[in-house]
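What follows is a set of notes on a single structure, which appears directly below.
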Number of protein chains: 2
Amino acid sequence: MFCTPLRLSTFTDNFAAALQERLHWSRALDADIDARVAQILADVRQRGDAAVLEYTARFDALHVDSMAGLVLGAEDFAQAFHLLPEAQRNALQFAAHRVRTYHEAQRTACGGDWSYHDEEGTLLGQKVTPLDRVGVYVPGGKAAYPSSVLMNAIPAHVAGVAEIVMMVPTPGGERNPLVLAAAHVAGVTKAFTVGGAQAVAALAFGTASIPKVDKITGPGNAYVASAKRQVFGIVGIDMIAGPSEILVLADGSTPPDWVAMDLFSQAEHDELAQSILLCPDVGYIDLVASAIDRMLPDMPRRDIIAKSLTDRGVLIHTRSMEEACAISNTIAPEHLEVSSRDPHRWEPLLRHAGAIFLGAYTSESLGDYCAGPNHVLPTSTTARFSSPLGVYDFQKRSSLIEVSAQGARTLGHVAYILAQGEGLEAHARSAQMRCHALE
Amino acid sequence: MFCTPLRLSTFTDNFAAALQERLHWSRALDADIDARVAQILADVRQRGDAAVLEYTARFDALHVDSMAGLVLGAEDFAQAFHLLPEAQRNALQFAAHRVRTYHEAQRTACGGDWSYHDEEGTLLGQKVTPLDRVGVYVPGGKAAYPSSVLMNAIPAHVAGVAEIVMMVPTPGGERNPLVLAAAHVAGVTKAFTVGGAQAVAALAFGTASIPKVDKITGPGNAYVASAKRQVFGIVGIDMIAGPSEILVLADGSTPPDWVAMDLFSQAEHDELAQSILLCPDVGYIDLVASAIDRMLPDMPRRDIIAKSLTDRGVLIHTRSMEEACAISNTIAPEHLEVSSRDPHRWEPLLRHAGAIFLGAYTSESLGDYCAGPNHVLPTSTTARFSSPLGVYDFQKRSSLIEVSAQGARTLGHVAYILAQGEGLEAHARSAQMRCHALE
């Protein structure tokens, strides 16, 4: 078995165009999926639980008489947790603790309520409040990831969200014990074994049994993604993720096997996943390529890895680490490993990335599971304008203003002029009326 | 001229249903607009400037030979500013200063880079960076609001965005001097006199003359809203605003004329705008209703106000201020005036609102123009999960992780177990490889 990631060099004339071609990915806009999802959304909105039961029977082959057959609560989660092998139980708990500690630090760092008084005694500020209720979608079946439960539910819990509702399909009724155990350690309130667009619809509109939430987060297939996009605005959503990406900036000091395995770890997710290596040392790139060839046959998911690396992978020879950093900024990768002896020299040059992994020891996989930071990260260049999922996604702010009698005169005069300039006379008069103190 | 806002009372049985009916508003989903916008987006993406020129000629009757005829720069903004009457110039500058001061305080309060080391020496944190380039859409024609320029561009400028590109249609070539002057005081880099879906397309995809941006903010008509929704994910967007709303919680201590004028100030925006009064004193509600009847005929926009109040306005008699606060939370209004002698008694009870205006002096109109906080606020119950436009909308975060040799062993062991539980062997091995220190 061989796979041959594309080799590029910044020394060649057509580099920029060749890289762009390699990076190009466009979301398959499937009008058929959108239309079918729109129908499911409308149906669940209108018929509620009855529609949810029907779709769950049809799509997940899970036949139950009533919604009571689709609910899981704290006791189910606890039971799943206690039935796990000890090593898994400890690992989950360790990971949850790390993720919680990080997000608690984030909550503190991001600040809470603030206010100040201006020189006329007018109060200005904001208050920060958690969302009341959120929904976390967790894929079932093949790609059931307990780590997703931790990464979505813990920041919500740390933010102070009172109710966290999990939706997890269980095709054929088969429940994933690790997912339920993760719900236990992550503070999920309750779960419904419902998936697909019908799960998103139920969370967005509410049914007799499933409560309407304020925001829906979590990954899903094309139907789930389309449903989230369609309900965006009725509820909040996190993001519509594209294929996962890793970019490794290497100065040649890390064992080549480590870097090759990191590229694999991205590629094994999915054939569309993208693994990129940038390095000024062409000899080192050769070593990584050899490691890829040597280690690939032994990987359980070698077919997916080979296709991902061959179709979308790229090993880039750069003039320098500085140039590699500049190229990385144009790519704005989801995961960015700085596999260097001197990662702090390069970090300040890196402007756009979801998560930055510094130094040879910091494999992306540690971040995926248990380092602490969130593994829900912006993909497909969206790190240019968006952030990792965080506590801030489960809070919102309200502005606070309390104008003093003196301030009402000063501000009223200015607002009057500007409102008249915009032709909004009621605004102008409403401001003007306050120019004279009460009593 | 009369207008008769609906009167409701929480003492009646059908109150909840009657209120829901009054609040109901659904975005007109216009498949025809979406399809036409999709075509414009595709066309601008493919043909760039040529398409922009054609659409600008067709939709705005603005015929120019080249893109040079559609660009405005710092000198144009400065000129517009210096030609304004002194009162307007001072008012704009005053407002910009207040808005800037508030958003600078917000930048500080929201926190910057942070990090900590765990007990094994592993570094965990986030860095905060501004977006590189943003686009601000400013409507032209009838509803040209210079205050929107301040409210969109200043937070971006305070966040450290290097380039702020304004799009403002000038139908028939007519430029609004206040809008250009606002661009001068707000720190806009340059502007194009392009509007509609073609402006959004140019910002999202870039053309030879118009730079691709990372995020697009600002209000617009149904075409602009549809275009923003369609490019969401390719670039960031702020939000898709619904009709504007005000909710006044009154304890009866504010002059009724003031409250009536505040309800007008919302209603004059647009026939779909919604004005709501909640008050435990039915006699006071009568006084506000009389003030409405008395003052309405003298309002320049009385027809819009009358239609808005009659179709969507509601005066609600509640049992108490506590009950009024609870109802306000279910409505999650964009603007919430606490017109009370004791506003700090009620503020802690208010969980969901875009902006909270405390006390009789704090009219919403002061907030619209010059108090300092942003006037771009979540509408249509979205204050349950979203926030005022702010500095945080023009920044993004990147996680930072640097695992120590000791941490690599501890974390690697846990990641190995969890990755195997998810069937991701390359993740497991990538973690495992780091369990042994280098050299």
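Quick reminder: no glycine exception, Cβ is built from N, Cα and C everywhere.
Annotation source TrEMBL lists NAD(+) binding site at A:Tyr137, A:Gln198, A:Asn221. If you look up TrEMBL, you'll see A:Ser244, A:Gln266, A:His269, A:His335, A:Asp368, A:Glu422, A:His427 marked as substrate binding site. What TrEMBL records for A:Gln266, A:His269, A:Asp368, A:His427 is Zn(2+) binding site. Residues or ranges marked as active site, proton acceptor by TrEMBL: A:Glu334, A:His335.
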Near A:Ser244 (substrate binding site), how many other Cβ atoms are within 10 Å of its Cβ?
27
Near chain B - the binding-site residues A:Asn221, A:His335, A:Asp368, A:Glu422, filtered by Cβ distance under 8 Å:
A:Asp368, A:Glu422
A:Asp368 (substrate binding site) to A:Tyr137 (NAD(+) binding site) - Cα separation in whole Å:
18
So around the NAD(+) site, A:Tyr137, A:Gln198, A:Asn221 aside, which residues have their CB within 8 A of the centroid of those CB atoms?
A:Pro139, A:Met167, A:Pro169, A:Gly195, A:Gly196, A:Ala197, A:Ala199, A:Val200, A:Gly220, A:Tyr223, A:Val224, A:Ala227
In sequence order, which same-chain residues at least six apart have a C-beta under 8 angstroms from A:Tyr137 (NAD(+) binding site)?
A:Met166, A:Met167, A:Val168, A:Gly195, A:Ala199, A:Val200, A:Leu203, A:Ile216, A:Thr217, A:Gly218, A:Pro219, A:Gly220, A:Val224, A:Lys228
Reading the DSSP string in three states, the entry for A:His335 (substrate binding site) is strand
Among A:Tyr137, A:Gln198, A:Asn221, listed as contacts of NAD(+), what is the widest Cα spread in Å, to the nearest whole number?
13
Sparsest-packed among the recorded positions, when each Cβ's other Cβ atoms within 10 Å are tallied, from A:Glu334, A:Asp368, A:Glu422:
A:Glu422
By a 10 Å Cβ neighbour count, the lowest-scoring of the binding-site residues A:Gln198, A:Asn221, A:Gln266 is A:Asn221
Tell me, by DSSP, whether A:His269 (substrate binding site) is helix, strand or coil?
coil
Students should find that the Cβ of A:His269 (substrate binding site) has, within 10 Å, a number of other Cβ atoms equal to 22
To see if you understand the setup: which same-chain residues, six or more apart in sequence, place their Cβ under 8 Å from that of A:His335 (substrate binding site)?
A:Ser244, A:Glu245, A:Ile246, A:Leu247, A:Gln266, A:Ala353, A:Gly354, A:Ala355, A:Phe357, A:Glu364, A:Gly367, A:Leu377
Based on Cα coordinates, which of the following recorded positions are within 10 Å of A:Gln198 (NAD(+) binding site): A:His269, A:Glu334, A:Glu422, A:His427?
none
Can you check which residues sit near A:His427 (substrate binding site), meaning Cβ under 8 Å from its Cβ, same chain, 6 or more apart in sequence, and list them in order?
A:Ala415, A:Ala419
